[in-house]
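Written below as structure tokens is the structure these notes are about.
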Amino acid sequence: MEEPSKVSAPTAVNGHPVVQSHAEMHQRCLNPYRSKVTVVLGAQWGDEGKGKVVDMLATEADIVCRCQGGNNAGHTVVVNGVDFDFHLLPSGIINERCKSIIGNGVVIHLPGLFEELAKNEAKGLTNWESRLIISNRAHLVFDLHQQVDGLQEAEKGGKSLGTTKKGIGPCYSSKATRNGIRVSDLLGDFKVFGEKFESLVNMYKRLFPNFEVDIAAELARYRDYADRLRPLVQDTVSFLHGSLREGKSVLVEGANAAMLDIDFGTYPYVTSSNCSIGGVLTGLGLPPQTIGEVIGVVKAYTTRVGDGPFPTELHDEVGSLLQTRGGEIGVTTKRVRRCGWLDLALLRYTAMVNGYTALCVTKLDILDTLKEIKVAVSYNLNGERINYFPGSITALGQVEVNYITVPGWLTSTEGVREFSELPPQAQDYIRLIENDLGVPVKWIGVGKGRESIINVKD
């Protein structure tokens, strides 16, 4: 009887070498990739200058990603004296050698996206068609979501949340209640897409009697958008994992900021997505072991757009000076930002949530003209010092802030490019932040342009 031929064990499966033991398999699970993801997150209430940091780091990146939010975010990046404004696009799109990904956690307003591309093309953005990749799982923001956003805010009257009225909240609500519409729906059977769209319209009509949408006109628009969008769309999860296995450098640009996170921010005065580290994982389909550096971007003072508690807010001439010198007007909303002192109690909290491995302190130069600078170090609630950040906005509105006062430097820092050349008082200010948070400051912003960054060496 002929013996059966022996079948040799495969040496590789799906491109992975076959391991010989559980220990080896476990080790591969702990570190299956040749590279790690660098994440840039806002550490306060947004507008910290994340786009500038991403633009700087994107020069060395192969891929830059957005993972959450929509066109309620706003980044300005200055390149060769030209201001590029980004709302949906990753600001790394300026870098012609890297891919830009809009991940599944982002909600996309297609009219806004194509308008943003056109505006930045007019300013010199080129060849984006070969570099922009959009997730097929991302949800779509329709004009009707923006209409609903305005109606909901109007219903709240004097208790409105101060949203950007970009339709972000209603779109994420549609996603959570499972009647949202994704990019893959638009690119699939258009008849089915039309039925889903009509169902969404009818749902809102039941909620708002005066709600009106020209369904035929909208579907005609979106048939055109489908053709324009199709070449840009793919499965970004597989693309990213493949890129990490190849050792590609991946950079993630968080939108909004930690204190606007729907779970950890000053709820309900927050955005509708997770803009802390968790949103990076769910918004791109990445496991925790892919994360390397987590860079927290900290403005040298604190700002906030819209309503909600703000313990260190200034209502005096110093607040006005910060608004004026800092050009504190929202990129997206054009609203004047509220300004206040740096809040270390708040930053300790966001550092716990996000696990920063490094910091970038921006707009240090805005403090150049102040003789004295106050820094919040803790809060008192009901007469007692607390060692936590209040989860209730009622409690947060009642805290008494404990400040320390440090000397200003009364000299311009705008031309400084080495940490050792900063005035001693400015160096002390940076060291105060580092020592309190236990996180190194690696970069300091002292002006608008990408060249106005101090690289802090050990």
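A Cβ is built for glycine as well, from the same backbone N, Cα and C atoms used for every other residue.
Annotated features, as they stand in Swiss-Prot:
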- ASP47: active site, proton acceptor (ACT_SITE)
- HIS75: active site, proton donor (ACT_SITE)
- 46-52, 74-76, ARG337, 363-365, 445-447: GTP binding site (BINDING)
- ASP47, GLY74: Mg(2+) binding site (BINDING)
- ASP47, GLU48, GLY49, LYS50, ASN72, ALA73, GLY74, HIS75, THR164, ARG178, ASN256, THR271, ARG335: IMP binding site (BINDING)
- VAL331, THR332, THR333, LYS334, ARG335, VAL336, ARG337: substrate binding site (BINDING)
Number of Cβ atoms other than its own within 10 Å, given for THR164 (IMP binding site): 22
DSSP-derived class (H/G/I helix, E/B strand, else coil) of VAL336 (substrate binding site): strand
Same chain, 6+ residues apart, C-beta under 8 Å of the C-beta of LYS52 (GTP binding site), given in sequence order: HIS75, THR76, VAL77, VAL78, THR362, GLY445, ARG450, ILE453
Fewest other C-beta atoms within 10 angstroms, as judged across VAL336, LEU364, VAL446, which are the binding-site residues: VAL336
Those binding-site residues listed as ASN256, ARG337, and which of them has the most Cβ atoms within 10 Å of its own Cβ: ASN256
Of the binding-site residues listed as ASN72, THR164, ASN256, LYS334, the one whose CA lies nearest the CA of GLY49 (GTP binding site): ASN256
Rounded Cα-Cα span from LYS334 (substrate binding site) to THR164 (IMP binding site), Å: 10
Spatial neighbours of GLY46 (GTP binding site) among the binding-site residues GLY74, ASN256, VAL336 [C-alpha, 10 Å]: GLY74, ASN256
